[in-house]
Amino acid sequence: MFFLKLSLLMLLAVAPDLLVHAETSVTCEGNNAVLTCGAGVLNILSANYGRTDSTTCSAGRPSSQITKTDCYAINTLYKVKSRCEGKSSCVVPAANSIFSDPCYGTYKYLRIKHSCVVHKTSVTCEGNNAVLTCGAGVLNIVSANYGRTDSTTCSAGRPSSQIAKTDCYATNTLSEVTNRCDGKSSCVVSATNSIFSDPCYGTYKYLSIKYSCVVHKTSVTCEGDNAVLTCGAGVLNILSANYGRTDSTTCSAGRYSEQITKTDCYGTNTLSEVTNRCDGKSSCVVPATNSVFSDPCYGTYKYLSIKYSCVVHSEFLFCHHPFILFTALSLPPKWLRPCLHLFNYANCL
């Protein structure tokens, strides 16, 4: 039994990225999708409001309403992320009033793939620096606020007038922190008005950041070639991306010096383009070309750098790695109980 326990623990330790549990929610048109994460927060991987097959949500529907299977609402992912990302739960109506109608006359459904992320919290009093680190992983910023939402945090030695206002929010906090930290292994953010402006004059503020650490992979593709991302049975979670140049050595072989000297070249639409093409899919191909991203620095030879993680369904882990399943089932209930949410071995049958 000792060796069974040890084997399971070793397998879980060496493959932590395989234990991220992705779930799929399917909601027929006219109903509400309800997503919950318990103690974690929602990480939306992919979403579509439309129809991609003729069987889902088809009961009692005439054939004319279910035959169109290339129906996609292009704003679905953005809308679902806006309502759900970083929250412990959310409700999304599967309705034309939310997503518009991508295919008139077709009965649609809302399919959402998400994972639950256990987050960390950083709180930094005004005038100090928030230091976020993730070791071998990269930062995934979930939520952030510079202001004050209670009268106790960062209150020591402060007069009541400086801590009484508890509805203080700097609306640009999340974007500022995301730009400085998302996809990096570490970052420093100053909790100051000079960074976020002053959302409530006279109030002593603090910077609160919720984040998670994600183990990532990196793909680098020279201009003119194709980036090919694959995740086996899992799905791609795009963390950061840039088409441009940030150093003079990558993709430099055989290039003139004037083609590689500019190292502050960023394609501002890179992340959105790569996310639209890849996020939530098991594989994707992205051409590293100006025709896809436009040309952020004329005359410079560029490359496409993508950081991503693979989110794997727990059923794949336990069904396709029988030794892990055998080991898990051999353990006493007290060992299994903390991990029961990770798999449903009935799905292996």
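Any Cβ shown, glycine's included, is placed from N, Cα and C.
Per TrEMBL, the features are:
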SIGNAL    1-22  signal peptide
DOMAIN    27-117  domain 'SUEL-type lectin'
DOMAIN    124-214  domain 'SUEL-type lectin'
DOMAIN    221-311  domain 'SUEL-type lectin'
Please count the residues of the domain 'SUEL-type lectin' (124-214) that DSSP assigns to helix (H, G, I), strand (E, B) and coil. 16 helix, 34 strand, 41 coil
Can you tell me how the residues of the domain 'SUEL-type lectin' (27-117) break down into helix, strand and coil by DSSP? 16 helix, 34 strand, 41 coil
Give me the DSSP three-state residue breakdown of the domain 'SUEL-type lectin' (221-311), ordered helix, strand, coil. 16 helix, 33 strand, 42 coil
